[in-house]
Amino acid sequence: MTDTDRPDSAGAPTSPAAPPAAEGVPVPKRVRVHHLRQAKERGEALTMLTAYDAVTARIFDEAGIDILLVGDSIGDNMLGHPTTIPVTVDEMIPAVRAVARVSRRALVVADLPFGSYEASPQQCLATAVRMLKEAGAHAVKFEGGAHLAEHVRLLTRSGIPVVGHLGFTPQAENLLGGKRVQARDNDAAEQLVADALALADAGAVAVVLEMVPAPVAERVTEVLAVPTIGIGAGPGCDGQVLVWTDMAGMTGWSPRFAQRFGEVGAELYRATRAYARAVRERAFPAPEHTYER
Ligand code: KIV
């Protein structure tokens, strides 16, 4: 979406009920699934970021991020797991709830964790219903291609928008042999295009493409009527998504495909050291932080 669609990120938080409008450009109060397709048709880049709690979700929402993904990357980013694989639905629900409670403009997408949807369309529907009913998500995302088309179809028929996820699918990292770029040869690229078409045909409202060569992502973007959202898939996708801790520089490492747009981790460390020093030196709390009666 155009930058002028967004609440003013420099000033005080603005109300999404009245975001500044670019002339002639309709501004959604709440980003909804039809806005995703409209953005693609207009050539406006969609912004997506992960969020796992209310504090960061509020900032991202006010900064004008279009889609907040409560990713199962909560596992390796927030919960101390080595991968996304151990994440449970019961761990996801409070995170989705927190993000959904505070986001006023963004479309909130909940990831379905490993083991909570693959067995059948019915299992998938039951988990997705929890994400909408108990947690307030607006849509769900799950990993996999054409073999999950029936899952997408059932959810769509049941009124639940689905975002697909192709390319490197972290829940399958044991099968894929680690975090590796996917669809590098022609056959795999053709399969990826076929998977994306099958998901879109079944009703998917967008497809995330993770770690695929840029020309392959461009091809998928061309053939799909719904937006592609890339992560390590080059600039040719309709939108981009990053894990927020990578985007903000929260740790010493970030993947090659992620730009560090800030050094928030270093700043948090600096603030924490300053706080600890002030307490040890008895400089905090000062009189202005103290109640005398
Ligand atoms: O869980 C997640 O953060 C994701 C993104 C990498 C797209 O699925």
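Just so you know, glycine gets a Cβ as well, placed from its N, Cα and C.
Per TrEMBL, 3-methyl-2-oxobutanoate is bound by ASP72, SER73, ASP111; the candidate from LYS133, LYS141 named for the same site is LYS141. The record gives ASP72, ASP111, GLU143 for Mg(2+). Within 8 Å of the mean position of their Cβ atoms, the other Cβ atoms in that chain belong to GLY71, SER73, THR84, VAL87, LEU112, PRO113, PHE114, LYS141, PHE142, HIS165, PRO170, GLN171. In this structure the C-alpha atoms belonging to ASP111 (3-methyl-2-oxobutanoate binding site) and GLU143 (Mg(2+) binding site) are separated by 9 Å. In the three-state DSSP reading, ASP72 (3-methyl-2-oxobutanoate binding site) counts as coil. The two recorded residues, GLU143 (Mg(2+) binding site) and GLU210 (active site, proton acceptor), show a Cα separation of 10 Å.
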